[in-house]
Amino acid sequence: MKFTKENTLQLKGIAVIFLLYHHLFNSPSMYQNFEVSFFPLTERIVNLLSWFGKNCVSFFAFLSAYGLAVSYMKLSEKKGAADGWIKRRLLKLYKGYWFVFVGAFFICSIIDRMPIKVYMKSHGIANIILDMLGLSAFLGTPSMNGAWWYMSLAVTIIIIVPVVDCLCKKIGGIATIVLTFIMPRIFGIGFQGNNSCLSFLFIVICGVIFAENDIFTKIAKWVQKRALYYKWLIFIMFLVGLYVTFKLYITCDVTVCTELNYGIVPLLWIVFAYLYVSKIPIVNTILEFIRKHSMNIFYVHIFFRNNYCYNFIYSFKNSFLIATILFLLSLVTSYGIEWAKKAVKYDYVWEKFENKVLNIN
């Protein structure tokens, strides 16, 4: 019944699949110079599903906020807990990211000098530092990888979880949600873009509220207590809900309905995946495996898709094969990253660095 780490792994596995398809097929322009078969589906259906795959961000944001809230709740009663907690969580985030960042910087510089071209147009060193800190999207500075804008959101989530936790305790979760909805409209803050941290604030707050109130467990217990015919009815209602929310997502203007598109819609899909998809034995094993490499796949897949293997990937002509090839390229690279970490004793070096930053003897 309890929402476990395994459930998080499985849902992040789904998010990775969304991620790859979104960056491969969300528009015909992405493969316009190639002949691609979408059998047994149609091109239009795959394009729409891939466009819907943008919800990978909402999945990652919700699950990150949920996990961080669970972690923070264990410390939140202690005085000054927030500062130390934020430092630890930022260091944990940077541990994986910096290794890939430095490796990509040197490897890409050798291949085609791409990082130099990206960063050195103006304020070169500052651009490198800001991208390395995950702040490039937040401050509008260049990044050598388009997917790394999410790092700004990841940093933001870590910083605001203690704030949201405090708000929820003082005024309640529902009031916090209402504030999130009305305040931007009161102050005339419109839609900030598909890659803006503000666009995903609603789903982040939902993640904190779900964690603090153990809502996953309550939903699962409620469903479990129903009679068999009622369980089937709930399942059918979920399927109808998924279809309706999918249609809403692809038809509603995200600039007007941001909370719907990037909040309510993915939230329903997350709950459905938790209740049903994660219970399928073979599927959940596959999803857990994917999740173990999800961050490395996220860090590197755009290099293959956009920079170095574009023609090779789309040359496979079948949408499923194309997605599989991108996944395998990223997966092999992930194994290489983990091997390199062990070879240079990265965990040991990082532990020393972390202890120094946190003043731990």
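Backbone N, Cα and C atoms are what each Cβ position is placed from, and that goes for glycine too.
Annotations in TrEMBL come from automatic prediction, not curation.
According to TrEMBL, the protein carries these features:
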type	residues	note
TRANSMEM	12-31	transmembrane segment
TRANSMEM	51-75	transmembrane segment
TRANSMEM	96-116	transmembrane segment
TRANSMEM	147-164	transmembrane segment
TRANSMEM	171-192	transmembrane segment
TRANSMEM	198-216	transmembrane segment
TRANSMEM	228-248	transmembrane segment
TRANSMEM	260-277	transmembrane segment
TRANSMEM	320-337	transmembrane segment
Of the listed stretches 12-31, 51-75, 198-216, 228-248, which one has the most C-beta pairs under 8 A with the transmembrane segment (147-164)? 51-75
With pairs 6 or more apart in sequence, are the transmembrane segment (260-277) and the transmembrane segment (198-216) linked by at least 3 Cβ pairs under 8 Å? yes
Is the transmembrane segment (320-337) packed against any residues at least 6 beyond its ends, judged by a Cβ distance under 8 Å, and which are they? 20-21, 24-25, 31, 36, 99-100, 103, 293, 296-297, 300-301, 304-305, 309, 312-314
Thinking of Cβ pairs under 8 Å, which stretch from 12-31, 51-75, 96-116, 228-248 has the most of them with the transmembrane segment (198-216)? 51-75
Outside the transmembrane segment (228-248), six or more residues from its ends: residues with CB under 8 Å to it: 52, 257, 260-261, 264-265, 268-269, 272, 275-276
Remote residues contacting the transmembrane segment (96-116) - C-beta distance under 8 A, at least 6 residues beyond either end: 128, 131-132, 134, 144-145, 151, 295-296, 299-300, 303, 307-308, 337, 340-341, 346
